[in-house]
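**Student:** Let me give you the structure first, and then I'll get to my questions.
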Amino acid sequence: MIADAFTSIGARRNGRAPGWEATHGRGGGGPGRTPGGRPRTTCGQAARTGTEPRPLVHERSAVEDTPEHAERAVAETRLVHEMHRRATSLLVEAAHRAATPSPALGQLRDFLVAQLRHHHAAEDAWLWPGIIEAAPELRHRLDVLSAQHCGLDVALDRLAAAPLPSPASASESGEGTATGPGPGADAASEGWSDELRNAAADVRDSVHEHLDHEEPVLFPALRDHVSAEEWEAFAARVVDTTPTAGGHLMIGFLHEIGSPDEVELFTSALPPEVAPMLPVMRDHGAAALAELRGASR
């Protein structure tokens, strides 16, 4: 039931910005989009070519530009960034704990890989072009951030490929069980395989370092160069294409990190039919995070 509710986030969003379909189409491919609608990564391609996606601009604004709207963009972005910091740190901690259940560890790993890839691709394809159009002097600094995104993609590939035995295969092979890598694990180091632990640590370190570089550039740019209309359009596009796996983890992290007002601000963008499910998702997410931390609920 929770999965069904969160899947509807990707199916539709209440209150898209006006002019969205006229500017970007009704779905499928398009500038900066894959055929499935998700942002296209630019890693390995020439940066900022003449085929770069159009920035999120509109002929008419239905949302008044105010300091409050500028701070909303910063607040929502900061909340997501803090979630990424906390989630990557938790993955490292859980991977060093031999008793961490394999399904829980795999779910957090897969959630992180999907969310980080989507977040960075959305910035590169949909947010940076509009900022550069408004402030060309920021092009180089945003290109540096995109290059860091590409480096992080490599680390995410290693994390996604790191072995994580399923309960059945781990039990059959003698390499571990559903509650951890089992008695055959390296006695010198608790937790899961070195490959998984090292990959998780690389992603954590890359994410934390990247955000420390990105936020001093991005937060002022959001305040000064992204209109309320543009932010509404960007946020709508992100919600429409956000990976839905592990949605309860996202809600759980948000309630840990944000104030009630911040969580309300963030979740107000979700489809109205999801709202009744949010308390259940919050509880499910809190239980999953407690399990990953080795606590019982």
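Along the chain as shown, the residues are counted starting at 1.
Every residue gets a Cβ built from N, Cα and C, even glycine.
As annotated in TrEMBL:
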REGION    1-57  region 'Disordered'
COMPBIAS  25-35  compositional bias 'Gly residues'
DOMAIN    79-222  domain 'Hemerythrin-like'
REGION    164-190  region 'Disordered'
COMPBIAS  164-176  compositional bias 'Low complexity'
**Student:** Restricting to the domain 'Hemerythrin-like' (79-222), report the mean pLDDT as a whole number.
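**Tutor:** Mean pLDDT across the domain 'Hemerythrin-like' (79-222) comes out at 87.
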**Student:** What are the DSSP helix, strand and coil residue counts for the domain 'Hemerythrin-like' (79-222)?
**Tutor:** 112 helix, 2 strand, 30 coil
